[in-house]
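**Student:** This is the structure I want to talk about, given as structure tokens.
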Amino acid sequence: MASGDELKRRLTILGSTGSIGTSTLDVIERLGGRDRFEVAALTGNGNIPLLAAQARRMGAELAVTADGDRYGELKDALSGSGIEVAAGRTGLSEAAERDAGWVMAAIVGNAGLGPTLAAARRGADIALANKECLVSAGSLFIDAVAEGGGRLLPVDSEHNAIFQVLENDQRHAVERIVLTASGGPFRTKSLDEMQHVTAEAARAHPNWSMGLKISIDSASMFNKALEMIEARHLFNLRPDQIEVIVHPQSVVHSMVGYADGSVLAQLGCPDMRTAIGYALSYPRRCDLPVERLDFARLARLDFEAPDEVRFPALRLARRAMEEGGLQGAVLNGAKETALGAFIEGRVGFLDMAEIVEEVMNDLAGLPAATSMDDVFAADEQARQAAAGMIP
């Protein structure tokens, strides 16, 4: 089991060139860089110049590109550095298996499932930013973490908030958790207005700086829907214990309600480096140069119930949790296909949820996964079914 408490932490970052990966490296450098952290492996996809620069800067032992065709390019970029180079699935597996007590799982999508599962099974502490591990693989992934004996440290700001305020010796007294949602750029728009919004308009998140896909997921609240499913597995909750509240300021990141009526919340300025820093230094707290919350300047905190007519993704997540089986994988696979069609202008914003619901109807009753092959098969079925509904 990884202790996670050593003075110099040895780590691997799966997905170092993405948003979470680059933020993780930023936090590492702010906390002392190579004096305090030893980088076993970094993995990326197509941004070879950035991956090579990161590997050189951090003195990584191994650099991996998930794109097998780019092996030569990465090899040339790291020529003379002494850094090992690998590529493709084999390379990702090698990075996951490399001896490191702490692993940031930040590869986006199903590509992150295999290496993250492998790292969990060998007992690494997993800082989890990949949604599919819990949404699609659910109990399979939780079982792998238990089998390995490492710790699971959520990096999503909402789940990280719950993790921080959840008293381990009082879990039996948890009545509910409350995930906060900003409401996104369309919080006050009517149904008719939402049907005609564009992908570029969905990108304008009021509080967080994110990529196009995650911004659209946030605008449709599909991101929050996935977080509901993740929370169920992370904290071993019933579906009826998970609530969502719209909080436009994104200052209260989430809350835990206890049986005695107490509600504990974690607050902070919206900055992913806070959650990353907490996961990176756990169980200690580190000194991070992030913006401090000024309550006098903040003045007010607003909360409102989500409108599940305009944002049906929340209802679909609840259904997926209640039905169980592989419905999480089905929801996610269908959503990914519908999202791609929306970005391409082939379907409207509200059509995405309708497509997902139809696919969930068609594929209802798939049994719980017993292997990753089951998860991938359900995902592929959902994507194909969704594609068949798109003009």
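Every residue gets a Cβ built from N, Cα and C, even glycine.
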**Student:** Given Swiss-Prot annotates D156, E158 as Mn(2+)-binding, which of E94, E97, E200, E227 belongs to that site as well?
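**Tutor:** Answer, per Swiss-Prot (Mn(2+) site with D156, E158), from E94, E97, E200, E227: E227.
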**Student:** Given Swiss-Prot annotates T17, G18, S19, I20, N130, E132, G211 as NADPH-binding, which of N47, N160, N168 belongs to that site as well?
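**Tutor:** Answer per Swiss-Prot: N47.
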**Student:** List, in sequence order, the same-chain residues at least six positions removed whose CB sits under 8 Å from that of T17 (NADPH binding site)?
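**Tutor:** Once residues fewer than 6 apart are set aside, T17 (NADPH binding site) is near G44, N45, N47, L50, L51, Q54.
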**Student:** Counting other CB atoms within 10 A of each CB, which of the binding-site residues G18, G211 comes out lowest?
**Tutor:** G211
**Student:** Taking only the binding-site residues S19, I20, E132, D156, G211, which one has a CA atom nearest to the CA atom of E227 (1-deoxy-D-xylulose 5-phosphate binding site)?
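**Tutor:** Comparing Cα positions, the closest of these binding-site residues turns out to be D156.
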**Student:** Test of understanding: give the count of other CB atoms lying within 10 angstroms of the CB of D156 (Mn(2+) binding site).
**Tutor:** 25
**Student:** Report, as a single number, how many Cβ atoms besides its own are within 10 Å of the Cβ of N47 (NADPH binding site).
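**Tutor:** Taking all protein chains shown, N47 (NADPH binding site) has 16 Cβ neighbours within 10 Å.
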**Student:** Going by DSSP, is S19 (NADPH binding site) part of a helix, a strand, or coil?
**Tutor:** helix
**Student:** List which of the binding-site residues D156, E158, N223 have their Cα within 10 Å of the Cα of N130 (NADPH binding site), in sequence order.
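**Tutor:** So the list reads D156.
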